[in-house]
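Structure incoming, see below.
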Amino acid sequence: MNISIITVGKLKEKYLKQGIAEYTKRLSAYAKVQEIEVSDEKAPEHLSEADMLLVKQKEGERILAKISPDTHVIALAIKGKQRTSEEFARELDQLATYGKSKIAFVIGGSLGLSDDVMKRADDTISFSKMTFPHQLMKLVLCEQIYRAYRINRNEPYHK
């Protein structure tokens, strides 16, 4: 399976880079993982609603440019569907079973994802109703993908 993790903005924190590198290394035994970073829009702190939409639209265009038509897209969003690790593992397994060999997980910037990206998404997922930095969510996502592969192969892993 080919998994792309598309994020807005460049990851700067060393500790997050190290964690993500560790999980992508572990995942290499199960899938080909590609990290794609698209540039974020520079924006002042206090934006109008119209400016926020414009920022999300520009970032969304960059995201969509990285997704091929045959890719199954899963957007990370607060209002996405919450799952247990076991449910997430089952869904990844079903995607592989039904021939979905390309999956892209999309993590938006600080303002979230554009409507166009959400419309392109085949599915949404939420890890919590809480708000987290999008850079941290990339690490959490990598860990959960790795956990899903371990679950699907009945291999031991932390509970």
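Including glycine, each Cβ sits where the backbone N, Cα and C put it.
Summarising the annotation, Swiss-Prot assigns S-adenosyl-L-methionine binding site to Leu76, Gly108, Phe127, Ser128, Lys129, Met130, Thr131, Phe132.
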Can you name the residues of this chain that are 6 or more positions from Thr131 (S-adenosyl-L-methionine binding site) yet have a C-beta less than 8 Å from its C-beta?
Ile78
Rounded to a whole angstrom, what is the largest C-alpha distance between any two of the residues Leu76, Gly108, Phe127, Ser128, Lys129, Met130, Thr131, Phe132 that the record assigns to S-adenosyl-L-methionine?
16
Given a separation of at least six residues and a C-beta threshold under 8 Å, show me what packs close to Phe127 (S-adenosyl-L-methionine binding site) in the same chain.
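Result: Leu76, Gln82, Met137, Val140, Leu141, Gln144.
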Which of the three DSSP states, helix, strand or coil, fits Leu76 (S-adenosyl-L-methionine binding site)?
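Where Leu76 (S-adenosyl-L-methionine binding site) sits, the three-state DSSP reduction gives strand.
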